[in-house]
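Q: First the structure, then my questions, so here it is.
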Amino acid sequence: MSTLERRYRLLLKVLPSWYRTDREEEMVGIFLESRAGEGYDDLDGEYGWPGWPETRSTLSLAVRTRFAADDAPAHAVTLGDVTRRIALLGLVAGVMWSGAFVASIVFGLVHGFEAVRVTPWTVVELAPVAALAALAFGWRTLAKAFVALQVCGGLVGLSLSLSQGGALQWATQASFLLPSWLALACLCLGFHREARLPSVKPWLVAGAVAGVVGAVATWFQVGLVLPMALALVVLLVRRWRDPVTTWAVAAGSAVLLPEANFMVVVMQDPRSVYVAAIVLLTAGTLVPLVAAMVRRASVPGFRRP
(Lines of atoms letter the chains of each structure in order from A; the text may use other names.)
(Lines give C-alpha, C1' and ligand atoms only; values in the text may rest on other atoms or scores of the structure.)
Protein backbone atom coordinates (compact mmCIF):
# COMPACT_ATOMS: atom_id res chain seq x y z
CA MET A 1 0.00 0.00 0.00
CA SER A 2 1.43 3.36 -1.05
CA THR A 3 1.60 6.38 1.23
CA LEU A 4 -0.93 8.16 -0.97
CA GLU A 5 -3.42 5.32 -0.62
CA ARG A 6 -2.85 5.20 3.13
CA ARG A 7 -3.51 8.92 3.42
CA TYR A 8 -6.68 8.65 1.34
CA ARG A 9 -7.93 5.78 3.51
CA LEU A 10 -7.22 7.94 6.56
CA LEU A 11 -9.32 10.69 5.01
CA LEU A 12 -12.16 8.21 4.50
CA LYS A 13 -12.27 7.68 8.27
CA VAL A 14 -14.51 10.75 8.48
CA LEU A 15 -17.23 8.65 6.84
CA PRO A 16 -19.42 6.46 9.06
CA SER A 17 -18.39 2.83 9.38
CA TRP A 18 -21.60 1.52 7.80
CA TYR A 19 -20.84 3.51 4.65
CA ARG A 20 -17.15 2.56 4.52
CA THR A 21 -17.99 -1.13 4.80
CA ASP A 22 -19.84 -1.02 1.49
CA ARG A 23 -17.97 1.66 -0.43
CA GLU A 24 -14.40 2.10 0.84
CA GLU A 25 -12.64 -0.24 -1.61
CA GLU A 26 -14.62 1.15 -4.52
CA MET A 27 -13.78 4.73 -3.56
CA VAL A 28 -10.09 3.94 -3.13
CA GLY A 29 -10.00 2.26 -6.54
CA ILE A 30 -11.69 5.21 -8.24
CA PHE A 31 -9.34 7.66 -6.51
CA LEU A 32 -6.16 5.81 -7.50
CA GLU A 33 -7.43 5.37 -11.04
CA SER A 34 -8.12 9.09 -11.34
CA ARG A 35 -4.64 9.93 -10.04
CA ALA A 36 -3.13 7.50 -12.56
CA GLY A 37 -4.87 9.42 -15.32
CA GLU A 38 -3.20 12.60 -14.05
CA GLY A 39 0.31 11.15 -14.39
CA TYR A 40 0.54 9.16 -11.15
CA ASP A 41 4.07 7.88 -10.49
CA ASP A 42 6.10 6.39 -7.65
CA LEU A 43 7.02 9.84 -6.35
CA ASP A 44 3.37 10.81 -6.11
CA GLY A 45 2.58 7.50 -4.44
CA GLU A 46 5.23 8.08 -1.80
CA TYR A 47 4.76 11.80 -1.08
CA GLY A 48 1.38 12.71 -2.56
CA TRP A 49 -1.70 13.81 -0.66
CA PRO A 50 -5.39 13.72 -1.59
CA GLY A 51 -6.19 17.00 -3.30
CA TRP A 52 -8.65 19.64 -2.14
CA PRO A 53 -11.45 18.39 -4.49
CA GLU A 54 -11.26 14.89 -2.98
CA THR A 55 -11.08 16.29 0.55
CA ARG A 56 -14.01 18.63 0.01
CA SER A 57 -16.21 15.97 -1.57
CA THR A 58 -15.36 13.46 1.18
CA LEU A 59 -16.17 15.93 3.95
CA SER A 60 -19.42 16.84 2.22
CA LEU A 61 -20.28 13.15 1.91
CA ALA A 62 -19.49 12.67 5.60
CA VAL A 63 -22.02 15.34 6.54
CA ARG A 64 -24.69 13.84 4.27
CA THR A 65 -24.18 10.33 5.64
CA ARG A 66 -23.72 11.11 9.33
CA PHE A 67 -26.69 13.51 9.37
CA ALA A 68 -28.71 11.51 6.88
CA ALA A 69 -32.20 12.21 5.62
CA ASP A 70 -33.01 8.75 4.24
CA ASP A 71 -31.39 5.62 2.75
CA ALA A 72 -29.28 5.21 5.88
CA PRO A 73 -29.39 3.29 9.17
CA ALA A 74 -32.00 4.48 11.65
CA HIS A 75 -29.48 6.07 14.03
CA ALA A 76 -28.02 8.24 11.24
CA VAL A 77 -31.47 9.40 10.12
CA THR A 78 -32.46 10.14 13.72
CA LEU A 79 -29.30 12.18 14.28
CA GLY A 80 -30.01 14.12 11.10
CA ASP A 81 -33.63 14.75 12.09
CA VAL A 82 -32.60 15.92 15.57
CA THR A 83 -30.00 18.27 14.08
CA ARG A 84 -32.54 19.74 11.68
CA ARG A 85 -35.10 20.18 14.46
CA ILE A 86 -32.53 21.99 16.62
CA ALA A 87 -31.74 24.29 13.69
CA LEU A 88 -35.41 25.15 13.22
CA LEU A 89 -35.94 25.76 16.93
CA GLY A 90 -32.84 27.95 16.91
CA LEU A 91 -34.22 30.00 14.03
CA VAL A 92 -37.54 30.45 15.84
CA ALA A 93 -35.64 31.56 18.95
CA GLY A 94 -33.69 33.97 16.75
CA VAL A 95 -36.95 35.45 15.47
CA MET A 96 -37.96 35.99 19.11
CA TRP A 97 -34.71 37.93 19.58
CA SER A 98 -35.56 39.95 16.47
CA GLY A 99 -38.96 40.82 17.93
CA ALA A 100 -37.23 41.90 21.13
CA PHE A 101 -34.81 44.06 19.14
CA VAL A 102 -37.64 45.88 17.35
CA ALA A 103 -39.58 46.32 20.61
CA SER A 104 -36.54 47.81 22.35
CA ILE A 105 -36.18 50.42 19.62
CA VAL A 106 -39.88 51.33 19.72
CA PHE A 107 -39.77 51.40 23.53
CA GLY A 108 -36.91 53.88 23.41
CA LEU A 109 -38.70 56.10 20.89
CA VAL A 110 -41.92 56.10 22.91
CA HIS A 111 -40.20 56.92 26.18
CA GLY A 112 -37.80 59.44 24.72
CA PHE A 113 -34.49 57.66 25.06
CA GLU A 114 -32.27 55.45 22.96
CA ALA A 115 -32.80 51.92 24.30
CA VAL A 116 -30.68 50.33 21.58
CA ARG A 117 -28.07 52.06 19.46
CA VAL A 118 -28.91 51.18 15.86
CA THR A 119 -25.76 50.28 13.92
CA PRO A 120 -25.12 47.94 10.99
CA TRP A 121 -24.01 45.28 13.47
CA THR A 122 -27.16 45.55 15.59
CA VAL A 123 -29.47 45.49 12.56
CA VAL A 124 -28.24 41.96 11.83
CA GLU A 125 -30.43 40.91 14.78
CA LEU A 126 -33.19 40.83 12.14
CA ALA A 127 -31.32 38.19 10.13
CA PRO A 128 -33.13 35.19 11.73
CA VAL A 129 -36.42 36.43 10.24
CA ALA A 130 -34.93 36.36 6.76
CA ALA A 131 -33.20 33.04 7.46
CA LEU A 132 -36.39 31.28 8.56
CA ALA A 133 -38.28 32.59 5.54
CA ALA A 134 -35.46 31.60 3.18
CA LEU A 135 -35.29 28.07 4.57
CA ALA A 136 -39.05 27.64 4.49
CA PHE A 137 -39.06 28.46 0.78
CA GLY A 138 -36.11 26.21 -0.05
CA TRP A 139 -33.16 28.63 -0.17
CA ARG A 140 -30.81 26.68 2.09
CA THR A 141 -27.59 28.53 1.29
CA LEU A 142 -29.23 31.92 1.74
CA ALA A 143 -30.64 30.86 5.10
CA LYS A 144 -27.18 29.77 6.26
CA ALA A 145 -25.72 33.06 5.05
CA PHE A 146 -28.25 35.09 7.06
CA VAL A 147 -27.53 33.15 10.26
CA ALA A 148 -23.78 33.44 9.63
CA LEU A 149 -24.28 37.20 9.28
CA GLN A 150 -26.00 37.30 12.66
CA VAL A 151 -23.19 35.26 14.22
CA CYS A 152 -20.58 37.62 12.75
CA GLY A 153 -22.45 40.59 14.19
CA GLY A 154 -22.49 38.88 17.56
CA LEU A 155 -18.76 38.22 17.38
CA VAL A 156 -18.14 41.89 16.67
CA GLY A 157 -20.19 42.81 19.72
CA LEU A 158 -18.36 40.16 21.73
CA SER A 159 -14.97 41.61 20.85
CA LEU A 160 -16.15 45.13 21.71
CA SER A 161 -17.54 43.99 25.06
CA LEU A 162 -14.18 42.46 25.96
CA SER A 163 -12.28 45.63 25.09
CA GLN A 164 -14.76 48.06 26.63
CA GLY A 165 -16.57 46.24 29.42
CA GLY A 166 -14.20 43.59 30.66
CA ALA A 167 -14.57 39.88 31.27
CA LEU A 168 -17.96 40.05 33.01
CA GLN A 169 -19.67 41.81 30.12
CA TRP A 170 -17.93 39.45 27.69
CA ALA A 171 -19.28 36.40 29.53
CA THR A 172 -22.78 37.88 29.54
CA GLN A 173 -22.64 38.51 25.81
CA ALA A 174 -21.24 35.05 25.13
CA SER A 175 -24.07 33.35 27.03
CA PHE A 176 -26.58 35.23 24.86
CA LEU A 177 -24.82 34.12 21.67
CA LEU A 178 -24.74 30.38 22.36
CA PRO A 179 -28.17 29.68 20.77
CA SER A 180 -27.23 31.40 17.51
CA TRP A 181 -23.93 29.48 17.33
CA LEU A 182 -25.77 26.19 17.86
CA ALA A 183 -28.38 27.13 15.26
CA LEU A 184 -25.73 27.91 12.65
CA ALA A 185 -23.85 24.65 13.29
CA CYS A 186 -27.02 22.55 13.09
CA LEU A 187 -28.25 24.43 10.04
CA CYS A 188 -25.01 23.74 8.16
CA LEU A 189 -24.82 20.09 9.24
CA GLY A 190 -28.48 19.16 8.99
CA PHE A 191 -29.80 20.98 5.95
CA HIS A 192 -27.48 19.61 3.29
CA ARG A 193 -28.62 19.15 -0.30
CA GLU A 194 -30.24 15.75 0.38
CA ALA A 195 -32.19 16.85 3.46
CA ARG A 196 -35.91 17.37 3.34
CA LEU A 197 -37.10 20.94 3.68
CA PRO A 198 -39.46 21.80 6.55
CA SER A 199 -43.15 22.42 6.02
CA VAL A 200 -43.66 26.09 5.28
CA LYS A 201 -46.78 27.00 7.23
CA PRO A 202 -46.10 25.56 10.73
CA TRP A 203 -42.64 27.06 11.08
CA LEU A 204 -43.62 30.45 9.68
CA VAL A 205 -46.53 30.56 12.12
CA ALA A 206 -44.18 29.54 14.95
CA GLY A 207 -41.77 32.28 13.90
CA ALA A 208 -44.53 34.90 13.83
CA VAL A 209 -45.75 33.90 17.30
CA ALA A 210 -42.18 33.92 18.62
CA GLY A 211 -41.58 37.41 17.24
CA VAL A 212 -44.71 38.74 18.95
CA VAL A 213 -43.82 37.01 22.24
CA GLY A 214 -40.31 38.45 22.09
CA ALA A 215 -41.64 41.95 21.52
CA VAL A 216 -44.20 41.72 24.33
CA ALA A 217 -41.70 40.22 26.79
CA THR A 218 -39.21 42.97 26.05
CA TRP A 219 -41.82 45.72 26.28
CA PHE A 220 -42.80 44.57 29.77
CA GLN A 221 -39.16 43.85 30.69
CA VAL A 222 -39.72 40.18 31.45
CA GLY A 223 -36.74 38.91 29.47
CA LEU A 224 -36.70 36.20 26.84
CA VAL A 225 -35.22 33.22 28.63
CA LEU A 226 -38.45 32.38 30.49
CA PRO A 227 -40.69 32.46 27.37
CA MET A 228 -38.14 30.28 25.57
CA ALA A 229 -38.04 27.85 28.48
CA LEU A 230 -41.84 27.68 28.62
CA ALA A 231 -42.03 27.03 24.89
CA LEU A 232 -39.51 24.18 25.12
CA VAL A 233 -41.29 22.55 28.05
CA VAL A 234 -44.69 22.82 26.34
CA LEU A 235 -43.18 21.25 23.22
CA LEU A 236 -41.67 18.48 25.34
CA VAL A 237 -45.01 17.73 27.02
CA ARG A 238 -46.93 17.72 23.74
CA ARG A 239 -44.41 15.60 21.83
CA TRP A 240 -42.80 13.52 24.57
CA ARG A 241 -43.21 10.30 22.57
CA ASP A 242 -41.18 11.70 19.67
CA PRO A 243 -37.44 11.11 20.31
CA VAL A 244 -36.47 13.69 17.69
CA THR A 245 -38.38 16.42 19.51
CA THR A 246 -37.25 15.37 22.98
CA TRP A 247 -33.57 15.38 22.02
CA ALA A 248 -33.96 18.75 20.29
CA VAL A 249 -35.62 20.16 23.42
CA ALA A 250 -32.78 18.78 25.55
CA ALA A 251 -30.19 20.51 23.37
CA GLY A 252 -32.13 23.78 23.34
CA SER A 253 -32.60 23.73 27.10
CA ALA A 254 -28.94 22.96 27.72
CA VAL A 255 -27.76 25.84 25.56
CA LEU A 256 -30.10 28.31 27.33
CA LEU A 257 -29.16 27.23 30.85
CA PRO A 258 -25.87 29.22 30.98
CA GLU A 259 -27.72 32.46 30.29
CA ALA A 260 -30.30 31.89 33.03
CA ASN A 261 -27.70 30.77 35.56
CA PHE A 262 -25.43 33.67 34.66
CA MET A 263 -28.19 36.20 35.35
CA VAL A 264 -28.92 34.71 38.79
CA VAL A 265 -25.45 33.74 40.01
CA VAL A 266 -23.09 36.26 38.41
CA MET A 267 -25.32 39.27 37.77
CA GLN A 268 -27.10 38.69 41.11
CA ASP A 269 -30.53 39.14 39.56
CA PRO A 270 -32.62 36.58 41.48
CA ARG A 271 -35.93 37.59 39.93
CA SER A 272 -38.51 34.82 39.87
CA VAL A 273 -38.50 34.75 36.06
CA TYR A 274 -34.88 33.62 35.95
CA VAL A 275 -35.28 31.13 38.79
CA ALA A 276 -38.33 29.65 37.06
CA ALA A 277 -36.38 29.53 33.80
CA ILE A 278 -33.56 27.60 35.48
CA VAL A 279 -36.03 25.05 36.86
CA LEU A 280 -37.78 24.61 33.51
CA LEU A 281 -34.56 24.41 31.51
CA THR A 282 -33.06 21.90 33.91
CA ALA A 283 -36.17 19.76 33.51
CA GLY A 284 -36.04 20.20 29.75
CA THR A 285 -32.45 18.98 29.74
CA LEU A 286 -32.75 16.05 32.13
CA VAL A 287 -36.19 14.61 31.35
CA PRO A 288 -35.30 13.59 27.76
CA LEU A 289 -32.11 11.93 29.02
CA VAL A 290 -34.01 9.94 31.65
CA ALA A 291 -36.71 9.06 29.11
CA ALA A 292 -34.07 7.77 26.70
CA MET A 293 -32.59 5.56 29.43
CA VAL A 294 -36.04 4.18 30.26
CA ARG A 295 -36.78 3.47 26.60
CA ARG A 296 -33.46 1.69 26.21
CA ALA A 297 -33.98 -0.37 29.36
CA SER A 298 -37.40 -1.49 28.10
CA VAL A 299 -35.96 -2.97 24.90
CA PRO A 300 -36.08 -6.81 25.03
CA GLY A 301 -32.62 -8.27 25.48
CA PHE A 302 -31.11 -5.08 26.90
CA ARG A 303 -28.73 -5.65 29.78
CA ARG A 304 -27.20 -2.97 31.93
CA PRO A 305 -23.40 -3.09 32.07
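Using the three backbone atoms N, Cα and C, a Cβ is placed for every residue, glycine included.
Sequence annotations record features per position, and here TrEMBL assigns transmembrane segment to 86-110, 122-139, 145-162, 204-237, 244-267, 273-294.
If you look at the structure here, what lies around each of the features I listed?
A: If you look at the transmembrane segment (122-139), the same-chain residues 6 or more away from its ends with a CB under 8 A from one of its CBs are 88, 91-95, 97-98, 101-102, 116, 146-147, 149-150, 152-153, 157, 180, 183, 187, 191, 197-198, 200, 203-204, 207, 211.
If one looks beyond the transmembrane segment (204-237) by at least 6 residues along the same chain, the residues whose Cβ comes under 8 Å of a Cβ in the stretch are 89, 91-93, 95-100, 102-104, 106-107, 129, 132-133, 136, 245-246, 249, 252-253, 256, 259-260, 263, 273-274, 276-277, 280-281, 283-284, 287-288.
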Q: What stretch, picked from 86-110, 145-162, 273-294, has the most CB pairs under 8 A with the transmembrane segment (244-267)?
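A: The stretch with the most contacts is 273-294.
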Q: Please report, as numbers and ranges, the same-chain residues at least 6 past the borders of the transmembrane segment (145-162) whose CB is under 8 Å from any CB of it.
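A: Long-range Cβ neighbours of the transmembrane segment (145-162): 91, 94, 121-122, 124-125, 127-128, 130-131, 134, 169-170, 172-174, 176-177, 180-181, 183-184, 187.
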